[in-house]
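The feature domain 'Amino acid transporter transmembrane' is assigned by TrEMBL to 32-424. The transmembrane segment annotation in TrEMBL covers 62-85, 120-145, 151-170, 177-200, 220-238, 259-281, 301-326, 346-366, 372-392, 404-429.
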Amino acid sequence: MREANMITETRNESEDYKLTVEVPETAHAVSTDSWLQAGFVLTTGVNSVFVLGYSGTIMVPLGWIGGIVGLMLATVLSLNANMLVAKLHEHGGKRHIRYRDLAAQIYGRRAYTITWAMQYVNLFMINIGFLILGGSALKACFAVFNYDHTMKLPYCIAITGFACALFAISTPHLSALRVWLGCSTVLGLIYIIVACVLAAKDGINAPPRDYGIHGKSSSRIFTTIGACANLVFAFNTGMLPEIQATVREPAVKNMLKALYFQFTVGVVPMLAITFIGYWAYGAETPTYLLNSVSGPLWIKASANISAFLQSIICLHIFASPTYEYLDTKFGIRGSALKLNNLSFRIAARGGYLVISTLVSALLPFLGDFESLTGALSTFPLTFILANHMYIVAKKNKLSLLQKLWHWFNVVIFTIMSVAATIAALRLIVLDSKQYHVFADL
């Protein structure tokens, strides 16, 4: 009898929730996934193929002390900022399943366009990074078997783009990933474990390494700022409301569980490979760790293939807000296999990935794109907007000390965003002079 009452109460709570919280119109699934699935989506982003570059793009410019302190601070501050966004998901009695919807609810209609533009830039740049890294992984695999002289990086990026298009066409929305998230976890563990073990073996057998921070004072300032942008980029998606949209009710409580999972269990593999890679190679650590490790050819090849395949799944996650916008705008509903829906996905998603692939092959400067993405959009979306939106939405419920804390975050991260943008653009200009378009890096 008691169990029956509990079931009835739970059902009533769910019905009350549906009556009081409005869910906006969308062509994609809403409120279908558990908090654990959302946690794995977030963890997949943190432990994506980008982790193979953090030893070189974060630790080398910052060194041991700066790198460790920076990563710990970025973890805590990123968790706090993401929690703020998650708590605003139902602000005003409506589920804000898109970041731009949340901004429009708090600031007004003009903020909708500005936020969408920033988020689109953020996701587009991240997808470029996945295409470059997927192409780099494929090229490294060919290099293992001495075919790198025929398979240049632009060709490998084109193959990656084609594979991403096939996956995007066959996977209609974010909730449909399900089994692919398990595959992504396995693939991620393969290249992370292989890189950690082989790098550790190299480190044990190597002579003492140089862990100094090199370069002129002026260049070191810019590389340090760029590394700070990479720190922010490492932990944040810039699409938390879109991921939270897939979570079952109660959406805020379940999303907080997913975030706790991401920032505890989820960050361990990323931190391990970042520290081990830098320990093994020091200041000579490359921006793609698997290029430096030594070991059996088949093991290195399997790690690179895993990185290539995982980049395809991750790109789909970060492209999903764009796909959702297109599907909703053009009324793509019903079975994913309907001829009309299939044709639309081929045209829209295929076209988006053709443009992304072309840009990736034109300017394959991975570290620069990480820095620019962090500066232009991850800083504003994750820290500046999150804190300011929370001030505006909760202004009557916050103490003076809380308001001062959030304003402090807004000011500091605004300054960092401007500085990081200048540093990233400088790096891109320098690399553009050093490398030609469609460079084989």
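Heads up, residue numbers simply count up from 1 along the chain you see.
Using N, Cα and C of the backbone, Cβ positions are placed for all residues, glycine too.
From a predicted model like this one, the values you see are computed outputs, not experimental measurements.
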Contact ranking winner - 301-326, 372-392, 404-429 against the transmembrane segment (346-366), Cβ under 8 Å = 301-326
In contact by Cβ distance (the transmembrane segment (301-326), the transmembrane segment (151-170); 3 or more pairs under 8 Å) | yes
What stretch, picked from 62-85, 177-200, 220-238, 372-392, has the most CB pairs under 8 A with the transmembrane segment (259-281)?
-> 177-200
Select the range from 120-145, 177-200, 220-238, 372-392, 404-429 that forms the most Cβ-Cβ pairs under 8 Å with the transmembrane segment (301-326).
-> 120-145
